[in-house]
Structure formats: structure tokens, C-alpha cells
Amino acid sequence: MEPKTKKQRSLYIPYAGPVLLEFPLLNKGSAFSMEERRNFNLLGLLPEVVETIEEQAERAWIQYQGFKTEIDKHIYLRNIQDTNETLFYRLVNNHLDEMMPVIYTPTVGAACERFSEIYRRSRGVFISYQNRHNMDDILQNVPNHNIKVIVVTDGERILGLGDQGIGGMGIPIGKLSLYTACGGISPAYTLPVVLDVGTNNQQLLNDPLYMGWRNPRIIDDEYYEFVDEFIQAVKQRWPDVLLQFEDFAQKNAMPLLNRYRNEICSFNDDIQGTAAVTVGTLIAASRAAGGQLSEKKIVFLGAGSAGCGIAEMIIAQTQREGLSEEAARQKVFMVDRFGLLTDKMPNLLPFQTKLVQKRENLSDWDTDSDVLSLLDVVRNVKPDILIGVSGQTGLFTEEIIREMHKHCPRPIVMPLSNPTSRVEATPQDIIAWTEGNALVATGSPFNPVVWKDKIYPIAQCNNAFIFPGIGLGVIASGASRITDEMLMSASETLAQYSPLVLNGEGLVLPELKDIQKVSRAIAFAVGKMAQQQGVAVKTSAEALQQAIDDNFWQAEYRDYRRTSI
């Protein structure tokens, strides 16, 4: 459902003069009217011409096109964001296909690596371990009293790039930009946070420009006590906030999620968001082929928290489609750097133990090795779906893809690792190795593949199709928790918008131009499920839709009226 046009009420603000021009949430730049310039002491501080936001956006677009590298474009857009947020979001929404890869993956990876080098202006909250005793004071320093979404990282596992220390702040900033651009959540309601617990990246520790705490990472009890202090301070300051954990290391991601998901409204996008968008993609791909996900055999390369999170959600979906839990688990095979996860493998992590295959059931496999490699698994399982979340480039080799295609006429191959440099195989290679028969979805953006004069569109399995809608649904419904069923409803809704399902051709996921429409639909489904599950107050469907409309922020300037502090 499209948002209804709503009349914007005037905004009463106490700021004036240069202070107002330095306030990104309120600054209009050359779009301040003459009346506003008189009322807010801006006469002479701006050029004479009063411009519209579209005229400003056109100038910014021309300037943007003058930059030759993606990182320079990223820096330019961040500068606009730190100067005039409304213009930033108008510009991004006007050119979302072009700019999403620049403000987020893959370019944000380089921005994180070079964070201290390209730093210009502070955004968000930096909480170092050294300042742990000032946690409440730090959060009180945030001027926004009505924060509704926080994205927090400790910078230890940034995309596939590893430990970036406080450089990881680029991820919460980019993620929240998408909450606004795709999900209509007002930037005034968002807060990026980095927990600076040190870094084990020696290159950063040796870098004279590094702006973080120069200390090895704290671990174990010290680490968990520090995170707990942060959570308790957030609950005290903003008790109804949605907290998203982002890019925490595997050893901490699942324990933190399990510890806090029933204490504060929270989720981990790397685990749950990735799982939701992947399952939505697989539901759509299965339906487009005239079947169900429960009929497919699935092999994973990568058995970390993200891979296992996806696997568990696939199992839940196939149970919804009629499989028993045992039958559902027998169709999912997890491979990591030590081979196929089996019940005979030592030192498994707790979240991996339910995803093992029984070694006794593999006695008839065609292999001479005790370690069952990805090729061994593909050769013996004959999977319909191959998913890569390894963070390592090139592991989907030609031999593996051709072996899969030998037994599956229409394989679904999803190299999901980010950024582009870490992808398990390129779409170009996968299409060629399967004679044009593979359905490919990637974690990073790729251009369409041209093979034998035919164009193959490549869907980006982008979490941005999921988390903005979840955030909007939580805010609109007032949900106190995010349940597994709410995530499943998001996946199902995403699948319903697949052009491949709706039209029999095209992408398996919607186009970016439709992402706000999809986010609104997901918000409604998530809010409705929250009400059904008792984590939100029940209302009518009309009331929920109205709440979504009311909370959907759009990049338009409002009239200002002067008031005193």
C-alpha cells in the first residue's frame, strides 16, 4: 500500500543563525524561505536565491557524478548527511540503485578500513571501555530524547574484513541510513553506537591516525560486563528502543542475542536479518519453479552464526510446509573449513550441534577421505541449493558448480559473502558453468550477466529488504520483542513481492525502486504478527496501517516557526 500524502505541520524550533545552519536534522541550506531567513537570523548568511529541495538535489547529483572513485562518492554523501539530512535522503531516494552500494555494501567496507583517515565530523556515540563508568552520562549527552532505533557494533567482524576497531562505526551509520531511506524511519529517531573495546588489528594499533582505544580487545567477563552495562543504560534512557546488534564476532554474536532478545526489543541482523531475506528468496525461488522449499536439499559453505541462523530458519519454514523436524534437519548440510559438520566432529559451538549429520548415515557416500569436503558433500547430497557464507573468495569452484548442475537442472546458487572481494564465486562464472541454468542471488551487488547473448539479472540478497520493514513494524505496533514468527512473516511477505513469482520472469527479489512499498508491507505483516503473539497491543488492521502511515518519514522540508528554548 502506498503512503497517503499527509499535510506536514509547522515545526517550532528555538535555534537560529549559524547554529541552525550547523544542525543537520533541521538545516535547509538555500531552501530556507525569505520569511524563515528573517525570523531565524539567516539574512546574509545564504545566497539570495531560495531553492526547492529538488533543485538542491539536482546540484548535489551533478557534484556527485564528478567524483571518480566509490570511496570519494561515499565521503561526499556522508558530508551531505552531516550537513543537511533531509537533502541527503532526498538525493539517495532519487538515485537509490546508484547510491545504496555507495552508502552501504560494498563501499562501506573501505570506509570502515579508512575510518580514521577520512574522519571529518562526529556522528553517533563512541563508548570506550575506558569510559565505562560514565555510561549513563554518555547516553544523556545524546540530544535526541526520542530515539527509537539503535544499531550497535563492537567492530570485531566488519563484513568479511575482520576487526576494524572503531572504524566499524561506518556500519551502524550506513545501516541506519537504510532504515530511513528504505523504511521511512525518521533520522531523528536513530542512533549509531560503537562499543570501543580495543582492537587486535595490529595495523590499526600501529596507525598514528587511529582514533580508537589503543589496547588489545577485552574478552570474557570484562567484555560481557561492559556490554551489559551498555544494555542497562540504554534500557534506562530509552526503554522502548529497538536495538540491533551488528557485526559482532561469531563467539559473541549468538550469546549476546540469546541473552538479551527477551530483555530488550532486539535482534541481530547478521543472524536473523540475513536468515529472513535468504528464506524469503528461497521461498520465492521454490515457488517460481513450481515447488516448495521443503522439497529441496541444501548445502551451506560456512557454519558460523550467520550460516547456522539461516539454516535454522530454513528448517522452521520447511516444518511450516509439513516436514517433521527430523526430516527438515536431514535436508540441510553444513560445511566449514574442517568439512561437513557431523556428530563425530569435536569442538563444535553450541549453535552448531543441532545442525550436524549423523556419520553413520553417510557410510554409503562415495569418498575416500575422513574429512568430507564441499565437493564430497555436493557429489553425494546432490543439492538443489548451495549457499555461501564463508567470507572467503573463490571457494565455489568450477568443479563444484558443474558437479551440482550435473544432478540439478536448475540449481539455486547464493554466494552471500560481503564485500564483493569475498564472494565465493562471481555470477558470471556460475552462469557460465551451469550453461545459463542457475538462479543466482548474491550478498553484494552485481551487474546483470550477459552470456551467449542473453541477459541474466542478478538479485542482491540484501538485508535492506528486511530490516527497515521490521523496524517500521516494531515502531508502528509498539512491539516489545522481535519473535521468530515476526521474522518468518517478513520472509513470507518478501516472497510475495518477487517479480519472478508474480510475472514468471525477472529478478527473484523486488527491484530497489519498490523497496519502500515492500518495507511498508513487511511492517504491516510484522506488526500484525506482533499483535497475534502478544508482544504488541491488539488494534484493528486499519489502526495498524494508520500507525505505519503516521510513522513513515519522507524527505520533505517543513515550515519552521520560531520559539524559545
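Backbone N, Cα and C define each Cβ position, glycine as well.
Record features, source Swiss-Prot:
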ACT_SITE  Y104  active site, proton donor
ACT_SITE  K175  active site, proton acceptor
BINDING   R157, D270, N418  NAD(+) binding site
BINDING   E246, D247, D270  divalent metal cation binding site
SITE      D270  site 'Important for activity'
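Positions of Swiss-Prot features highlighted on the structure.
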| residue | record | Cβ within 10 Å |
| --- | --- | --- |
| Y104 | active site, proton donor | 25 |
| R157 | NAD(+) binding site | 25 |
| K175 | active site, proton acceptor | 26 |
| E246 | divalent metal cation binding site | 28 |
| D247 | divalent metal cation binding site | 24 |
| D270 | NAD(+) binding site | 25 |
| N418 | NAD(+) binding site | 24 |
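Each of I158, L159, G160, D247, A306, G391 belongs to the same chain as R157, D270, N418, is absent from that list, and has a C-beta within 8 angstroms of the C-beta centroid marking the NAD(+) site. Among the recorded positions R157, K175, D247, the residue whose Cα lies closest in space to that of the residue listed as 'active site, proton donor' is K175.
For the recorded divalent metal cation site, residues E246, D247, D270 set the reference point as the centre of their Cβ atoms, and the other residues of that chain within 8 Å of it by Cβ are T153, R157, I158, I171, F245, F248, A253, N268, D269. A helical conformation is recorded for K175 (active site, proton acceptor) in the three-state DSSP classification. Calculated from their C-alpha atoms, the gap between E246 (divalent metal cation binding site) and K175 (active site, proton acceptor) amounts to 9 Å. Secondary structure from DSSP puts D270 (NAD(+) binding site) in a helix. Cα-Cα distances to D247 (divalent metal cation binding site) place R157, D270 within 10 Å, out of the binding-site residues R157, D270, N418. Residues R157, D270, N418 are the ones the record ties to NAD(+), and the longest Cα gap between any two of them is 11 Å.
Note: the CA-CA distance between N418 (NAD(+) binding site) and the residue listed as 'active site, proton acceptor' rounds to 14 Å. For the pair R157 (NAD(+) binding site) and the residue listed as 'active site, proton acceptor', the Cα-Cα distance reads 15 Å.
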